[in-house]
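Please read the structure below before turning to the comments.
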Amino acid sequence: DGDNYKELFGALDNAFLVAYAIGMFISGIFGERLPLRYYLTGGMVLSGLFTALFGLGYFWDIHVLWYFIIVQVCNGLVQTTGWPAVVACVGNWFGKGKRGLIMGIWNSHTSVGNILGSLIAGAWVSSAWGLSFVVPGIIIAAVGIVCFFFLVEYPEDVGCSPPLHHDAGGVTSNEKDPEAVTSNEGPLSISGQSSTDRSDSPKEPVEEPEAISFLGALRIPGVVEFSLCLLFAKLVSYTFLYWLPLYIVNVAHFSAKEAGDLSTLFDVGGILGGIFAGLISDYTGGRATTCCVMLVIAAPMLFLYNHIGQNGIGTSIAMLIVCGALVNGPYALITTAVSADLGTHESLKGNAKALSTVTAIIDGTGSVGAALGPLLAGLISPTGWNNVFYMLIAADVLACLLLARVVVKEVRGWCGCIARKRGYVR
C-alpha cells in the first residue's frame, strides 16, 4: 500500500522473467538427457508448489519482499522445463509436411492459458488474492500428474511409426516416400513392419545418438537468426501482455474490468495468427518469409492502433485482433514449427537429440526480450505512449531485418525450383 507499489510489481515481474530467460538456456540441455515425461512432470509439480507458495504469503501474512522475489525466481527456473519438453514431444510425433498447421493449432493453448489464467486468478483478486495463486498452482500440479501417467514421448513406444523429416535434398518424408524408411538398422518398409516387430526389437542403448551440445546447436543453420528475431518479436508480444490493460485504461478511458476483457482479444488474435502462419508456411515452405511478411505488416498496424485504435469499441476490437495475429503469429511459428524444424535439421543426420536444446536456445533468447520489453515500456511510458509504440515498431523492424539472410536463401530456393520445373517442362 506504499507509493512505490509499481516498482515492487516491476521487481517481481523481472525476477520471474530474468530467471526464466537464464534457466531456459540450461533447461534444454537437461531435457535431452532425461526422460521427458519425468522432466515435464517434475517441472509442473514444482511450478504448482512455488505458485502456491506465492499465494500462501497472503494467508501467512508475510510482508517481506525477498520472500516473494525468491519464490518468483524459483518459479521462473522450474517453469523452463515446460516449453522445451512439450515442443520436443510434439516434434517427435509429427514430420515436417504439416508441422506448421498442426503446431499452429496446438500452440493456441498458450493464448487459451493466458485467458483462463486471467479469469481464474481474477475470481479472487478482490477478496483473497492468495487464492489467485494457490488455485492455479493446484491445477498445474494436478495436470502434471496426469501427464506422468498418460504422456507418450515417442511414437515407437506405442507401436507407431516415427515421422521422417526432409533430408538435405528435401526428398524424404513419410508423407512423400512411405516405402523408403531408414532406421538405425537399415531400410525398413512401414507397410511391412508390424507393431509386433517393433515391440519385439527394442532400441539398444548403444544405438541411442548422443545429445547435442549447446555450441553444436548454435551451429545449426538458422538457429542464431531465428533466436535473435524472436528476442525482438517476444519483446513486442510481452510488452502488450503486461501493459495493454493499462494503456486501454489511460488512452481509451475504459474501466479496469473492460480493459482486462478487451486485452484478451490480443490473445484471440494470437490464436488466429499462429494457425494462419503455420498454414501459409506449410504451403509455401518458407518459415522465415512468412514471419518476415507478417512482421512487415505488423509495423504499420501498430502505428494505426496507437492513433485510431481507440476511436470506438468496434475499431478497438478489430485492431486488437489484427495486431495480436500479426505480432503473435511469427512468435508462435518460431517457438513451435521453426524450433522443431531446426531441431531435426538435415545437418544432424537423423539425430533427434537436439529438439529440446534448440527449442531452449530459441525461446531462451526470446525470453530476454520478454524481460526487456515491459522494463523498457515502464521507463518510456512517462514520456508518452507514442514513444512506447515507436519502441515497439523499431523492435518489430529489427526482428524482420534479422531474418533477411534466411529469407534470401528461401527465395533463391524457390527461384531455383521454378527454373528446374521450367527446364523439365521443356
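Each residue, glycine too, has its Cβ placed from N, Cα and C.
Taken together, the residues of the domain 'Major facilitator superfamily (MFS) profile' (1-412) have an average pLDDT of 83. Sequence annotations record features per position, and here TrEMBL assigns domain 'Major facilitator superfamily (MFS) profile' to 1-412.
As annotated by TrEMBL, transmembrane segment applies to 12-31 (among others).
Annotated transmembrane segment per TrEMBL: 38-60 (among others), in sequence order.
Residues or ranges marked as transmembrane segment in TrEMBL: 66-94 (among others). Same-chain neighbours of the transmembrane segment (66-94): 11-12, 15-20, 22-24, 26-28, 30-32, 36, 39-40, 42-44, 46-47, 50-51, 53-54, 57, 102-103, 106, 151, 153-155, 162-163, 335-336, 339-340, 343-344, 352, 355-357, 359-360, 363-364, counting only residues six or more beyond its ends whose CB sits under 8 Å from a CB of the stretch.
Sequence-distant contacts of the transmembrane segment (106-125) (same chain, at least 6 residues past either end, Cβ-Cβ under 8 Å): 90, 131-133, 135-136, 139, 241, 260, 264, 267-268, 270-271, 274-275, 278, 328, 332, 335-336. Among the features that TrEMBL reports, transmembrane segment is placed at 106-125 (among others).
For the transmembrane segment (131-152), the list of distant contacts is 36-38, 40-45, 47-56, 89, 117, 120-125, 158: same-chain residues at least six beyond its ends, Cβ to Cβ under 8 Å. Residues or ranges marked as transmembrane segment in TrEMBL: 131-152 (among others).
Per TrEMBL, the feature region 'Disordered' maps to 169-205.
Annotation comment: TrEMBL describes 169-179 as compositional bias 'Basic and acidic residues'.
The compositional bias 'Polar residues' annotation in TrEMBL covers 181-196.
According to TrEMBL, the transmembrane segment annotation covers 223-244 (among others).
What TrEMBL records for 264-281 (among others) is transmembrane segment.
Feature annotation from TrEMBL assigns transmembrane segment to 288-305 (among others).
The transmembrane segment annotation in TrEMBL covers 317-342 (among others). Under 8 Å from some Cβ of the transmembrane segment (317-342) lie the Cβ atoms of residues 83, 87, 90-91, 94, 96, 99-100, 103-104, 106-107, 110-111, 165, 220, 222-223, 226, 229-230, 233-234, 236-237, 240, 262-263, 265-270, 272-274, 276-278, 281, 287, 290-291, 294-295, 297-298, 301-302, 304-305, 308-309, 355, 358-359, 362-363, 366, 396, 399, all in the same chain and six or more residues away from its ends.
If one looks beyond the transmembrane segment (354-376) by at least 6 residues along the same chain, the residues whose Cβ comes under 8 Å of a Cβ in the stretch are 10, 13-14, 17-18, 20-29, 31-32, 36, 80, 83-85, 87-88, 91-92, 211-214, 216-218, 220, 223, 226-228, 230-239, 241-243, 331, 334-335, 338-340, 342-345, 348, 391-392, 395. Among the features that TrEMBL reports, transmembrane segment is placed at 354-376 (among others).
Taken from TrEMBL, the feature transmembrane segment applies to 388-408 (among others).
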Same-chain residues near the transmembrane segment (223-244), Cβ under 8 Å, at least 6 residues beyond its ends: 13, 17, 114, 217, 259, 263, 266, 270, 288, 291, 295, 298, 302, 323-324, 327-328, 330-331, 334-335, 338-339, 342, 358, 361-363, 365-374, 376-377, 381, 388, 392, 395-396, 398-400, 402-403, 405-406
